[in-house]
Amino acid sequence: MATNLRGVMAALLTPFDQQQALDKASLRRLVQFNIQQGIDGLYVGGSTGEAFVQSLSEREQVLEIVAEEAKGKIKLIAHVGCVSTAESQQLAASAKRYGFDAVSAVTPFYYPFSFEEHCDHYRAIIDSADGLPMVVYNIPALSGVKLTLDQINTLVTLPGVGALKQTSGDLYQMEQIRREHPDLVLYNGYDEIFASGLLAGADGGIGSTYNIMGWRYQGIVKALKEGDIQTAQKLQTECNKVIDLLIKTGVFRGLKTVLHYMDVVSVPLCRKPFGPVDEKYLPELKALAQQLMQERG
């Protein structure tokens, strides 16, 4: 059902203007930039997209704009997860209407929901998605929901679930999931272990830094398919040098600043309460943008 969703999917950033409103022009440029750099698809409205500091209406606007701009050129996954099941269902219905290829939802968080309540939440969203496959989003570090392997196995076998975004450093668990579910579309979620995730059984990945250097991750996929471990390791190391800097600057604002220097994003600001990048990092981020533009050619 979801086999065509395999690949390298950028977790799309959401640009804002100086007044903190959606910057629709920059969003369109960012979609085109990702298409041009050879990304297989976009994961829209997730953690990287700052979904949880946006209104429901804004999240729907983002989905609509991305769908218009992508025009069937790449695969589109709409993250529709909210704490509220009803709001998640509304976004899922919108994703279906706009022509997305799949929906995704993080486990509902903040309140200590039971596992059966998690399952019911996903069933309701799947129903509203009207045939679109569900990508279960497991990110325990941010959601606070620590699913056991048995619980993951249950979620990914719910009717309508076609994939799992596994944002965890537990590569043993990644391998266990792959072993148990050989046909499941399985995404690596942490960019810094992309190559290791593929070796542990992931089909591809969904990541934030793909927005600025997606071709490197495609290079890792190609190298591993050819059995060239040395090249894959080298590319992962180069990616991780960038990630080291972004962790210091704040990942989302750092990425937006790099894209600003690449003339893709007009204003390199995140939605408050996120603050701006510390000015001391601007020279490094500008140099990184120049390096990546030269590398991409």
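Positions of Cβ are set from backbone N, Cα and C atoms, glycine also.
According to Swiss-Prot, the protein has these features:
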type	residues	note
BINDING	S47, T48, T167, G189, D191, E192, S208	aceneuramate binding site
BINDING	S47, T48	pyruvate binding site
SITE	S47	site 'Required to correctly position the proton donor'
SITE	Y110	site 'Required to correctly position the proton donor'
ACT_SITE	Y137	active site, proton donor
ACT_SITE	K165	active site, schiff-base intermediate with substrate
BINDING	T167, G189, D191, E192, S208	aldehydo-N-acetyl-D-mannosamine binding site
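The residue listed as 'active site, proton donor' is 9 Å away from G189 (aceneuramate binding site) when you measure Cα to Cα.
Here T167 (aceneuramate binding site) comes close to Y137, N138, I139, P140, A141, L142, G189, Y190: these same-chain residues lie at least six apart in sequence, with C-beta atoms under 8 angstroms from its C-beta. You'll find the Cα of T48 (aceneuramate binding site) roughly 14 Å from the Cα of the residue listed as 'active site, schiff-base intermediate with substrate'. Secondary structure from DSSP puts D191 (aceneuramate binding site) in a helix. Annotation note: K165 (active site, schiff-base intermediate with substrate) sits in a strand segment as assigned by DSSP. Local packing around the Cβ, expressed as the count of other Cβ atoms within 10 angstroms, is greatest for D191 among the binding-site residues D191, E192. For S208 (aceneuramate binding site) paired with K165 (active site, schiff-base intermediate with substrate), the C-alpha to C-alpha distance reads 13 Å. A coil conformation is recorded for Y110 (site 'Required to correctly position the proton donor') in the three-state DSSP classification, outside any helix or strand.
One way to see the shell of the aceneuramate site is to take the Cβ centroid of S47, T48, T167, G189, D191, E192, S208; the remaining same-chain residues with a Cβ within 8 Å of it are A11, Y190, I206, G207, T209. Residues within less than 8 Å, Cβ to Cβ, of Y110 (site 'Required to correctly position the proton donor') and separated from it by at least 6 positions along the same chain comprise V83, G144. The record assigns S47, T48, T167, G189, D191, E192, S208 to the aceneuramate site; their largest pairwise CA distance measures 16 Å.
Around S47 (aceneuramate binding site), the C-beta neighbours below 8 angstroms that are at least 6 residues distant in the chain are A11, V106, I139, L142, S208. A gap of 12 Å separates the Cα atoms of K165 (active site, schiff-base intermediate with substrate) and D191 (aceneuramate binding site). The secondary structure of S208 (aceneuramate binding site), as reduced to three states from DSSP, is coil rather than helix or strand.
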